[in-house]
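Student: Following this message is one structure expressed as structure tokens.
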Amino acid sequence: MKTIKSNFFSILCICFSITIIILLIISNKVLNKKISQLQQQTFQIQNSLLAPIHENLVELLKVYSARDENGPLELVRHGKENDGGYLVAVKAFKQADVLLGYGIHKDNSFEDYFSLIYNKPSYGFDCGVEYIKSKSKLFTLVKECIGSDAFLYKPANTNHKVTSFAEQVDNLKIEGKKLFIKMDIEGAEYEAFSGIMKHKDNVTGIALEIHFNDTRSAQNAITLLKQLEKHFVLIHVHGNNYATSTGFSTTKSLGTIPNVIELSYINKALVKNYNLSEDQSHPRKIDQPNNPNKPDAAFTISAPSTNSFL
């Protein structure tokens, strides 16, 4: 009899434990659903507040078709497959004496391509990297960040060496050299470009990833893009599909525009004329999704007017 009671009690305990576990699982699912709903509501509210800014921002994302004395500019994709590669104007590379890459982390493929193909020096700046292999003897890792290291790394993962663009140019003894700039520094680009723009005449081209996930960074993006369009021609746009879930849409566009976008520019001095492209749909056939396991970010900006510039 005691054995039966003991077994019955054990069964009750097991059933009670299973019930508690089931209730916890259900409760956790409900909680996760509530959190997801709250996050979605927060995202919708944030996007509604950002809507007027996005309407202005999208106007600065219209690409141009540019020509030089030999005809339409040739665009080519350099760097590794998927995340890490950029579409650039061949002429901007050919006219550059040096490439400066900011935000290397574990990938210096873009810098390597430049040095290997054009036999010119490239420098990779990153204050959180101690060593990286290179396929080119002309590539040099510089263990420094530009502007700020707060966007790239946690305090424990950086050497905290931050220098200005002017200091870097001076240290490398490349004053007066023609430069190509590649930058992906997770939001620190706005501060960094304030120094770079002082050397704009020596910059042949730019491959830049911009990040704007709140009001301040979106306003900063508008300010920077307006500065860039005075001296450079926007020849390519590509949305980072890692950021499509936090993207936005506007009355001037179709599809979801990610809040992380890759931009390619060429200095206006290197082109004969340029006009707004008739095709404002992205991505292009030559593009590759940053995340190969997801569809690329597809969006179209409204048809342009017939503006052209000589």
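Positions of Cβ are set from backbone N, Cα and C atoms, glycine also.
Okay, these came from TrEMBL:
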TRANSMEM  6-26  transmembrane segment
DOMAIN    168-218  domain 'Methyltransferase FkbM'
REGION    279-310  region 'Disordered'
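Any idea what these are sitting next to in the structure?
Tutor: For the domain 'Methyltransferase FkbM' (168-218), the predicted model reports an average pLDDT of 92.
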Student: Please list, for the domain 'Methyltransferase FkbM' (168-218), how many residues fall into helix, strand and coil according to DSSP.
Tutor: 23 helix, 14 strand, 14 coil
